[in-house]
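As recorded in Swiss-Prot:
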ACT_SITE  Asp7  active site
ACT_SITE  Glu67  active site
ACT_SITE  Asp139  active site
BINDING   Asp7, Asp139  Mg(2+) 1 binding site
BINDING   Glu67  Mg(2+) 2 binding site
Amino acid sequence: MRVLGIDPGSRHLGWGLLVRQGTRIEHVAHGVIDIDTSGTFAARLVEIDDELGKVIASHAPDAAAVESLFFAKDAQSAAKLGHARGVVLLRLARAGVPISEYPPALVKRTIVGRGAAEKAQVAQVMTAVLRLAAPPRPDAADALAIAMTHLSAAGFAAALAASGAPVPRRARPRRARLG
């Protein structure tokens, strides 16, 4: 199973693709879509749609795992994030990719062992578990962690045990409702 993890944002959108083969989870690719902030917000949303479409076309995921909304202190930032997430969900749905959503605290608890973990801790664990040559950018590390959380039910505990990292509780996906 090829899972595309997505950490949505209106300035930077992280993505990471993992594949499960039997009990093994392997890194395929990851990256960050840096959105041009010089234009209108609507132009940013178009760029998210276009660039994510290229990632989906290049990697043909079987499923997607997207970070769910969380409460932000700034209402305007929360609204912009909500719009960006909407574009992500629409692009995935139009591509026929099944979508699951995970709250940030669950992802952090699954990957690091506690829901209030720092981004650097998530990147450190993902670098070790996936045997990456260098730590990914924070948005990409989060996206890889979201994909790993999705794959956790059938193999993540074994991958963590092999890496020497603490074994977290299993996570259950929450299917996105589109309509």
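Every residue, even glycine, has its Cβ placed from backbone N, Cα and C.
Put simply, Asp7 (active site) is 6 Å from Asp139 (active site) when counted between their Cα atoms.
Around Asp7 (active site), the same-chain residues six or more apart in sequence whose CB sits under 8 Å from its CB are Leu13, Gly14, Trp15, Glu67, Asp139, Ala140, Asp142, Ala143, Ile146, listed in sequence order.
Counting Cβ atoms from all protein chains shown, Asp139 (active site) has 24 others lying within 10 Å of its own Cβ. The local packing around Glu67 (active site), expressed as other Cβ atoms within 10 Å of its Cβ over all shown chains, amounts to 25.
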